[in-house]
């Protein structure tokens, strides 16, 4: 009989079962092998009522609970013998689960599911393996929430517990089409959250081993409704990032569907799987709704009094109020746009970081305006200072007191161009189109970039698009007995005469230096440099109070004393490398600085001329580092002039190539909008080409270099022979800029 049974039921032999009397087995079914058969008893969508945590109104009241139970069996036993004794009686399971659920209170879905699994695996139900899916369709106002767990009688945990959020229906700005950048559209989000189902020896295992779904949902809803992503991939990834980083989710599946994406499809969407390790500290990017991480752009304007002083004072006050300025644009002068009968404006934009929320930021900016004396008499009329929030990250706000993005930004060149100075690839949060595209659509750009001189309350402007500015002449006044060009023929007695000649000949700036910079020259003591230049600057300031004086020095202490004596500009041939205090000093003094490219020092610069395969690319890299360092030190971008360093750390061929390709260097994105100074005057390479050994005789080589500089887009020329070079620049401006 037993032999017959074994023959009829070879399944027993396969699984190593031994049949005894009745329904008793000496050897139990191996659970892992049982699961491979996928034989299951189901109870689908059993709706009961119970208190499971809080309902959608945050109350501990009865709410519907939908249960689906799957219990592992060996269907071959009960099927072949047609005997329920070999299976699980789902009626018994139903009764026991019903009794448990409707007569108990549960902390959360995990507590409920865990206790149901213990009932199914208990002596009455005789289960060995169970999958419990528990849902609370009324658990949240916007979505259905639920949980799936798998438990075994032997206590082994096979897979992670899975919390799920289904059919979270929200409205947000999403897409790349123009209409999608204006109108919010419906999206459906499904989430599956994985949690390691560790069998903790603790009564409150269900409390320790769960997620705060309510808190997670609240943040996701806020995040999605405030977001303005162009792709659902970006939105899905941001949801995964927030979940894993902010809520400690171990692993997540995010599904995002756009219900209106395709005319003849129910939806189009994306599904991603991410774990917490995907967002490690090395590649973690904060959520876009993290206030401290959002890029905030503030526009600044003034058209009364000392305009640049008001703008600089506003920036200083912002830093005091916790509004950290990260980057500034160039400064532009613009004609009044709305109320025409008023003075021209200075305009700029700064990128800031702040923990203030938009409404708080607006309050602080308005307070700064009040502190600086702004009184509004006429709408869009004259004002000493005007501060506006242009963008606040991706936020879109439309309240009675604040509209973000600024409603008139797209019609204002004096805001669009400064934005591009800071970030060339910036896009409008609502339309998704680039700021550059809007700027190009404006036909009449009635703005011009300016270099302001705070203590003179004046500025010089530069060419921009259709507006053409003349090339400015910086006259060299070296008060050095070891000067490489003239042996130091200038004395204090002749300073006034020489400066008067320079001014009459067309010079705009007088560059005074007390330290020779020729290769091989020695560095004089600090006291000696101060003795040479400070009295001369004071004398010139007294005699010619309106002349712009530049101090040619690489020492911060000399620069500070020179500015206090009357200098308006610092010209540092080392680009801030020789004195680590230089950039901070210039930032504090609030004056422009000319940053020159060079390598090494006066003794070894001629040996440091290896620029690899492309001198322009290498100079760009090295000069950009100096530029970034200056800006990080607090020097506004509008107070920076660049100099490629002709004759410094460059061979004859490299100097010629630099002149020939100067426009290529100037056009680099990292130097966008910055003015350039070139100093080819009487340099050794000009004399080598023309055969003039004596510096005084190198005028013809200098002439050609000046013409080349202007043709390449140079803004300021630093020269010795002012009269001749001014004439040359006038003719060059007529040819290259059509100024005549």
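Here the Cβ of each residue, glycine as well, is placed from N, Cα and C on the backbone.
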Swiss-Prot (7,8-dihydropterin-6-yl)methyl diphosphate site partner of 517, 571, 643, 683, 718, 719, 720, selected from 552, 692, 697, 733: 552
Local confidence of the region 'HPPK' (291-449) - pLDDT mean: 90
Which of 718, 720, all binding-site residues, has a Cβ with the fewest other Cβ atoms inside 10 Å: 720
Helix-strand-coil residue split for the region 'DHNA 2' (161-280), DSSP-based: 41 helix, 39 strand, 40 coil
Residue among binding-site residues 478, 517, 571 with least C-beta crowding, 10 angstrom cut-off: 517
Entries of 552, 718, 719 which, being binding-site residues, have CA atoms within 10 angstroms of residue 478 (Mg(2+) binding site): 552
Those residues of the chain, 6+ apart, with a Cβ under 8 Å from that of residue 643 ((7,8-dihydropterin-6-yl)methyl diphosphate binding site): 573, 594, 595, 596, 597, 676, 677, 678, 679
Among 552, 683, 719, the one of these binding-site residues whose Cβ has the fewest neighbouring Cβ atoms within 10 Å: 683
Largest inter-residue Cα distance among 517, 552, 571, 643, 683, 718, 719, 720 [record-listed (7,8-dihydropterin-6-yl)methyl diphosphate binders, Å]: 18
